[in-house]
Structures are given as structure tokens and as C-alpha cells.
Amino acid sequence: MKWLLLLGLVALSECIIHKVPLVRKKSLRRNLSEHGLLKDFLKKHNFNPASKYFPQAEAPTLIDEQPLENYLDMEYFGTIGIGTPAQDFTVIFDTGSSNLWVPSVYCSSLACTNHNRFNPQDSSTYQSTSGTVSITYGTGSMTGILGYDTVQVGGISDTNQIFGLSETEPGSFLYYAPFDGILGLAYPSISSSGATPVFDNIWNQGLVSQDLFSVYLSADDQSGSVVIFGGIDSSYYTGSLNWVPVSVEGYWQISVDSITMNGEAIACAEGCQAIVDTGTSLLTGPTSPIANIQSDIGASENSDGEMVVSCSAISSLPDIVFTINGIQYPVPPSAYILQSQGSCISGFQGMDVPTESGELWILGDVFIRQYFTVFDRANNQVGLAPVA
């Protein structure tokens, strides 16, 4: 009997997963719009989502080129703690980057004044370094230092974790950001300064039983979304997971067979690449096919520079179908048209991709809300299944 009890406890321990609840909040874009600042922001900042994946120049060893405009539309945020005792921060869990950074008490910029700031002197486990970090965006850059401390995430105590502490945050637009910092979940190969990403550090310490994490994004206005470290919860999806090999280990990049509408190819006719990115809100692709899609769905530009459609037309619009590894993944108009403040905004966004990189798409939250997603580091693959 004792052995049966022991075996049962071992089996239970192997099934333990760590969930981080995500809360859906108003995006930075919406905050700027409500304060009458969006048009001016878009005018001053040459916003190209591709800059997240294709920095204009190779960065020095301790520089992280991570344009912050890419988080303009983010709505899902979770809480982590850093230090002993823990200091709480609201962060984006971003599979499109690999570094962790938060504001620090050394930052006196306007953008830092209304956000949580890490104080190293209040943590008994903080270790300083001589490293620096610079996170470029728009016309300025966020600069800071690198340090080590314990990170609390989903009930996990991730010790000796390297992270960035911002010292300057130029640009008043970050004042309206609904998040404090970023927690990157991509591969270590794209991590600035060779810093070990949070999930890698967690796995290396044996704090999760499986070398994978998964994401469920709810369409609910407030709650229900989660990041799951070390496991998969089948209650979040229907059917079975379909697995797609990672084509390039850096971002969570996969191969796409085609993108169709009404049975006809509208992009990616010869196959293309896509990055599955929780740190991008929209469905993003090369400028030309995106322009064609906007035209096909009847989208036109409003005074804020957003592409909008008639809300009454949504029910008559077709699905956009991504065929990946032989499986069709339809995205219905109810998913790719975003309703906000009485407007219906297209969930597609164009980006200027370097021509030598081929046709690249970003499958952001518009896609992930439809499909429970598993990021499997052990087997370098992505699992997809329709959400429950």
C-alpha cells in the first residue's frame, strides 16, 4: 500500500504544471487614441513590425534591438515577482523575443513614473553586473543595466535569473503603456548579451517536468487566458494537437503551405515562413498581399491611420485559411475583425520585410486566440489545436 501511495504521488508530481493567469487590458494603441495622441504617435514613429525580427544593423554584444512600438496593440499581460521579497511587475509574455526587462528605480523618465520600478536595494538576493542594455525604439532608446535575481512566475522560483533594469525610457508614449516590462520566451540564440532566457533557466534548474510551455488566449474581455509552464492542459482545446516542426530555431518559426480565401491563394502560394508570436497582436505579412487582403475585405483607412471595415459587413466576410503542415487553420472574420469603441478594425497589418528573407508572416494573437498553442523546446516543434 505504501508503494502504491508513493507511486501515485510520483505520478502526480510529474503532472504538475504551472499556470500564469493573463489579464486582458486596454492596449497602448487604445490608450493613446483615447487621449488624442495616436495620430501624432503614428506620424512621429515609422512603425514597421518587421523591425522586431530584422534589426537594421547587427547590435553590439550588450545591445538588444527590440523596437517597443511592436507592443502597441498588446492586450494580454501577466504578473511576475522579482527579488526577495518579491516586487511585482506586469509583463508581456513574448514568444517573439528572449530577454526579460523591467523599469528600475534609477529611471526618472516620465514613462517610468507611473509604472512599477525594481529597487535592487530592497532585494536580499540581487546581484549586480557590469553589463548594460539598450532597447531601441522610434527616435530614442531605453538604456539600463543587467543584474541577477530570483524571478517568481506561476509558482516557480527561478533563481539566478539575468534581467535588464531600465534607467532611461525616452518618449512619453510609454507613459500610457499598460505593462511594465517584457518576458521573452523565444530561443536563447536571439537573446541579447547571451542572457539565459527565463524558460531556459527554469528548465535547466529542473523546475518543470517537460521542456515545453503552452498558451491559451481567451476572447473574453477580462480573464481566462494563461501561459502554462512545463505542460499541456487538454481542457483548453478540442480534438488533438497537430505538430509543426520549427524551421529556424531563434523565433518560433514554422513553414506555411499556403494562405487562401474562398479556396483561392491570396498569399504564400509557393509556401512561406511564419513566426508564432504572442508578442504581436495582429496577423502581419508583407505589404503587398496585406494590401490585397484589406481591399478584399473592404477595409479603408480612418483618420487615425487604422484600417476599418463596416461592422455590418462582418457576417458576410470569408474565412482566411492558413494551411500548415497539411492541416487547414481557418481564421473567421469574427476573429480577424477587431471591434473596439464602436469601430471594426482589420486585424491584418503590413510590414516591410527584406526581400532576401522571402515571404514572412507573423501569426499573432488574432491567430492564437483561435488555436491553443504549444511551444515544445524538447522536440523543436509547435503544437496547434482549436480552442475549446
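Heads up, the Cβ atoms here are built off N, Cα and C, so glycines get one too.
Note that the structure is a prediction, hence the values are computed from the model and not measured.
According to Swiss-Prot, the feature signal peptide maps to 1-15, an assignment based on similarity to another entry.
Marked as domain 'Peptidase A1' by Swiss-Prot: 76-385.
In sequence order, I182, L183, G184, L185, A186, D277, T278, G279 constitute the residues six or more apart from D94 (active site) in its chain with CB-CB distances below 8 Å. Summarising the annotation, Swiss-Prot assigns active site to D94 (among others).
Within 10 Å of the C-beta of C112 (disulfide bond) there are 22 other C-beta atoms, taking all protein chains into account. In the three-state DSSP classification, C112 (disulfide bond) falls within a helix. According to Swiss-Prot, the disulfide bond annotation covers C107-C112 (among others).
Per Swiss-Prot, the feature phosphoserine maps to S130. In the three-state DSSP reading, S130 (phosphoserine) counts as strand. When other Cβ atoms within 10 Å of the Cβ of S130 (phosphoserine) are tallied across all protein chains shown, the result is 7.
Other Cβ atoms within 10 Å of the Cβ of C268 (disulfide bond) number 23 in total over all chains. In three-state terms derived from DSSP, C268 (disulfide bond) belongs to neither a helical nor a strand segment and is classed as coil. The disulfide bond feature in Swiss-Prot is assigned to C268-C272 (among others).
Residues annotated as active site in Swiss-Prot, with sequence analysis given as evidence: D277 (among others). In the three-state DSSP reading, D277 (active site) counts as coil. Taking all protein chains in view, 27 other C-beta atoms sit within 10 angstroms of the C-beta of D277 (active site).
Under the three-state DSSP scheme, C344 (disulfide bond) falls in the strand class. For C311-C344 (among others), the entry in Swiss-Prot reads disulfide bond.
Sorted by the number of other CB atoms within 10 A, the disulfide-bonded residues C107, C272, C311, C344 start with C311, the lowest. Note: the Cα of C344 (disulfide bond) and the Cα of C272 (disulfide bond) are spaced 29 Å from each other. Residues belonging to the domain 'Peptidase A1' (76-385) score a mean pLDDT of 92 in the model. Nearest to C112 (disulfide bond) in space, judged by Cα atoms and limited to the recorded positions S130, C268, C272, C311, is S130. Annotated pair C268 (disulfide bond) and S130 (phosphoserine), C-alpha to C-alpha distance, rounded: 46 Å.
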